[in-house]
Amino acid sequence: MDVFSDADNLDVYVTGFLWILKLTLVGTLGAVVIGTLLAAFRVSPIPVLRGFGAAWVNIFRNTPLTLIVFFCYFGLYSTLGVVFSDDLELNNFWLGVVGLAVYTAAFVCEAIRSGINTVPPGQAEAARAIGMTFRQTLTMIVLPQAGRAVIAPLGSILIALCKNATIIGTIGLMESSNAMKELINSNGQAVFQIFFVFAGTFAVVLIPTGYGFGWLANKMAVKR
Amino acid sequence: MSTDAVLYDHPGPRARARNRIFTVVFGIALVALLYWIYHRFDVKGQWAGTLWKPFTQSSTWTDYILPGLKGTLQAAAIAMVLSLAFGILFAVGRLSDHRWVRIPAGIVVEFFRAVPLLLMMFFIFFGIPFVTEQPMSPLWAVVIALTLYNGSVLAEAFRAGVRSVPPGQSEAAYAIGMRKGQVMGQILIPQAARAMLPVIVSQLVVLVKDTALGYIISYNELLQMGVNNVAANFGNVIQAAMVAAAIYIAVNATLTAVAGWLSKRTRRSGKAPRTTRVLAGATDQTTGA
């Protein structure tokens, strides 16, 4: 009666978590790149860039990810005809990645900006005093120090991203939550077993990851 | 924005010229992007008046959007009250002196923080009915899942809050003969709750956003009623999604403003450290789920 000894069921489980893994990896890359750029925009001397960064953060941070993913599918894909891949499943994957990255980038931006705030102003003033430009000050003095302070909040943002990847199931990707739903519907006698295997997988991976980021943040912290 | 000027010098003539060039270049790129979106909409006929007209009729609002908003706020409000109770209970549990309370409370909090909300919701909505043999109401599936997740997050926040109260407070309370329960209930939690008030309100923003997951299990909230159902009737997904997004943003921006005002109030009354000069201006942080 063991649900997961059935090869088909095991396959559903593995495929589900492989999608989560791929979404997390690609989504993280996108979110960190866009988020860092947005943070740089928000502290730059150019008002248009600052406004753009602020608008992005305020719009996407306050909109539910479900709505963003919904919009990516029905708006970008169905209505506006934005197509990433001919393979339907792969196309849904990329639409999901866009939604995840755009949403999470707003949080990454705010985390980096508050990381910048932990750097004493004297550092930037000293950099300016020896004639560094804004870009030099930011990339050579401020961001490397801010990066260490940002590890802990960034860690929780990335863990949230991994959990949020389940929401991409809304647009028909067979990721873990859809996989669990399917297994529950065909194996009503073992709902608890199925739930604890799926939830347990997340817990076993994410709880140590959280502590790992905490440890790393501590180790890398700038002692002031 | 004048506080930001620590990162760069006051622009001289050359820097001003360079900034102007950047402004123009980026402005052009932005206008080009906006035009591309406009053009894309135009090609697909998304500016047609019939698609936008439903939002000028009161029936669209009274039949779809407002009931949806009510569903969203109702689920968020119930879940908030329950998760506050859950949070306080498990924060106290984790701070207990007894190992047999502390460890189970810790396991529960860590577990529910690590499990995706949607997985939880699916289990409650699709799995539990197999056990109880009666259907689960979508509202309660949403509320229970939100409570377990946000309650665990709040439990951690409260725990941090209680530990941030200076030890002299509880020492003084013990010295005048208070018992453990009294110290926690009358000395530590009131001070922690006050310090944690902005965090609690920020968590409310997360909660309002997460109610949108209810759409997936057909709970009648804003995304279901205001986007899905409106679009099904008028064929205007993009327009409906934009209106719904604007409503979410308005609600959450209001809550964020309240959180900011609260944290300023707490700061003004003395205990928290004064604001220091910072590089990037004021920031507020909530890790979204």
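All residue numbers here begin at 1 and follow the chain in the order shown.
Even glycines carry a Cβ here, placed using N, Cα and C.
Unlike curated records, TrEMBL annotations are generated automatically.
Look at TrEMBL and you will find A:17-208 tagged as domain 'ABC transmembrane type-1'.
Outside the transmembrane segment (A:20-43), and at least 6 residues removed from its termini, the chain residues within Cβ reach (under 8 Å) are 49-50, 52-54, 56-57, 93, 96-98, 100-113, 116, 138, 154, 157-158, 161-162, 165-166, 168, 175-176. If you look up TrEMBL, you'll see A:20-43 (among others) marked as transmembrane segment.
According to TrEMBL, the feature transmembrane segment maps to A:64-84 (among others). Long-range contacts of the transmembrane segment (A:64-84) within the same chain: residues 90-92, 94-96, 98-100, 102-103, 164, 167-168, 170-171, each at least 6 residues beyond the stretch ends and with a Cβ under 8 Å from a Cβ of the stretch.
Taken from TrEMBL, the feature transmembrane segment applies to A:90-109 (among others).
Per TrEMBL, the feature transmembrane segment maps to A:150-174 (among others).
TrEMBL lists A:194-217 (among others) with the feature transmembrane segment. Counting only same-chain residues 6+ beyond the ends of the transmembrane segment (A:194-217), those with a CB under 8 A from a CB of the stretch are 3-4, 13, 16-17, 148, 151-152, 154-156, 158-159, 162-163, 176-177, 179-180, 183-184, 187.
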For the transmembrane segment (A:90-109), sequence-distant contacts whose Cβ falls under 8 Å of one of its Cβ atoms, 6 or more beyond its ends: 19, 22-23, 26-28, 30-32, 34-36, 38-39, 42, 53, 56-57, 59-61, 63, 65, 68-69, 71-73, 76-77, 83-84, 154, 157, 160-161, 164-165, 168, 171-173
